[in-house]
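Scroll down for the structure; my scribbles are underneath it.
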């Protein structure tokens, strides 16, 4: 091969020589490819013709065979981006680099997330490439206080704005002369006075625009800095030209536009300051999550209690937590009992009772007892750290709805410069032939009114605020893509056990005396069956003392038989009683039928061959399940239940909560196929489950929603995780998605509408440059401000007919 490139890929999933041979054979079947796969190093070295192939093709081939290619992810902090054209250009350049699988750049967070192949490139190369484009970049430091960094940057912007405003304010007086025919001191109209004030604004305060424009143009791009630099420079240097004419006596009334250039820069800085201030508020939800973390822990060392920083706690350390203190890390209680406020995770305000061997979650509040615990998860592995990670990823991700804005942003500035040039030509040749000033003013107005910033901020700011607000309510979206897809859902499939129900059987009905219950619980206490556990717990709640069984025998399909303290015990169904010649009174038979119809497991109890009781056990429906399903129906969403239980039990549960569609007798591996059937009917389906035995169905659904327990926030199969198991959060998640997408559409409508309307108005000469500059400055502020309205949204779904 004359023109060749070589790449090395890390391969995962190979177990033997057959694997490596299979991959090598498949790659070598491609034209102009020479591949060698080493099982020991788990690497594939591929020589290829870059005109015919790219690395992604080899990766797809390997993945199609069922193997993986190792990918690393790095997050980068980027400074110097001023508008969507900047972020769009950086993203485009990164995605063209060898070894980069995918790169996204977020203008709002000023961060990039890059997935890359470590054998092809590394984080330092990514940083260097961004720096060559004229921006500052560094690998994100998770230990660095991002809030204080942004506060410092905001303070710097404010200082520049104040200096610029002080210098521009006297020049602003000249505009009032033109507008209102006011009388002002002669000093204000003196060209030297205007020059002295405008020059530092143009070349010191406004130098950032020249630097940004130069860096972008040098790299073949154009951004907002180009528009500002060209527009203000045109006004400034035309004023210099007029001033020179005044100095050499060619004119006594120079037409100066120093106030235009200086006031434009001040207004744009004002807009950027307001924008940065508003953007800083979009990350409040993340800041609040970070503030929940404990700062230190009380560790037990050599019998002494010592306070240490949280980052020095290791797995296995013994910690002591006193009343009123936060649980420092995730762990297990080894001594003591208490009640813990877990509302930061579950939203449930009632403290949860905790005893020895119970799990405790870091950053929750210990209310009333001193406990000793063992650390099981620390640092980035804790539940709160996982929540923060999910929220960060969601806030830095892109929604598909942003693509159009990204495409337009890439061409926006060159098009605007072209329109400004055309405006100048039309004015100087057709509108006011031979008159320079009106043509200049109109073209400057076109340059400064155009705003690519609003386009770039329209989607990410809404995603940031929307996902942050959802996280505050225990709803974790894994990314912007899932926020967008969720609003399209028209069908929700709920797994029964652990989703609609509590997943823990309890005694719902009992008819009999305490002695019968005591004997029943004693007979069941050694069984590991969940129903037996429910009966034993019920007896303990009644404070009954359990003894020991003398004999025990399971009767397959019918029940159990036992001897306790010389009493013969039978527990089971009708058949067991009939086989032992025990007759059922009509009211007992009716109760049995009633319980079975309600989906409960009913058992008859006979002591010494005489019927003495009946007990019913069922997995109870969660609080608010019925209300949640009613809300989904009110939103026009179809709700179905999927379960492996028999149809009678399933129908009984469905009836309790108001579900019409029941899919019963389904094996776990068949759940995904049921989702596919619904999708084939043209439905957009969300699957709700616990992420364990229904993971394939969660993946298959358009949106997978996992019910987390607080410690399981990163369930891989899920697109959304609901903390705490409250089903009311499902309609809230859908409403949050709808509200966020509605907000994005409002922002995009404003951003597009503003430019579509504003540029022609400016080109017609109907706007003074300073008015156009003010409009441009406020346009991006209005987009961010509109997104911030989501911070106050009440997650209460609307009826479809409302």
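Cβ coordinates come from backbone N, Cα and C, glycine included.
Quick caveat, the model's predicted, so the values are computed rather than measured.
Which of 130-150, 256-276, 277-297, 298-318 counts as transmembrane segment depends on Swiss-Prot, and there it is 256-276. Between the listed ranges 224-244, 329-349, 350-370, Swiss-Prot ties the annotation transmembrane segment to 224-244.
The range from 711-730, 771-790 that Swiss-Prot describes as transmembrane segment is residues 771-790. Between the listed ranges 56-76, 77-97, 98-118, 161-181, Swiss-Prot ties the annotation transmembrane segment to 161-181. Annotated range for transmembrane segment in Swiss-Prot, selecting from 24-44, 192-212, 381-401: 192-212. Contacts of residue 86 (Cu(+) 2 binding site) defined by a Cβ separation under 8 A and a same-chain sequence distance of 6+ are given as 80, 107, 135, 212, 216, 223, 224, in order along the sequence. Taken together, the residues of the domain 'HMA 1' (5-70) have an average pLDDT of 85.
Only residues 6 or more beyond the boundaries of the transmembrane segment (438-458), in the same chain, are considered here, and those with a CB under 8 A from a CB of the stretch are 82-85, 87-88, 107-108, 223-224, 227-228, 230-232, 234-235, 238, 257, 260, 264, 268, 275, 279, 402, 405, 408-409, 412-413, 416-417, 419-421, 423-425, 427-428, 431-432, 744, 747-748, 750-752, 754-755, 758-759, 761-765, 767-769, 771-773, 775-776, 779-780, 782-784, 787.
Mapped onto three states, the DSSP output places residue 694 (Mg(2+) binding site) in coil. A gap of 8 Å separates the Cα atoms of residue 690 (Mg(2+) binding site) and residue 495 (active site, 4-aspartylphosphate intermediate). Secondary structure by DSSP for the domain 'HMA 1' (5-70): 22 helix, 22 strand, 22 coil. Through the fold, the transmembrane segment (411-431) approaches residues 84-85, 222-224, 226-227, 230-231, 438-440, 442-444, 446-447, 450, 452, 455, 759, 762-763, 765 of its own chain, all at least 6 residues removed from its boundaries and within a Cβ separation under 8 Å.
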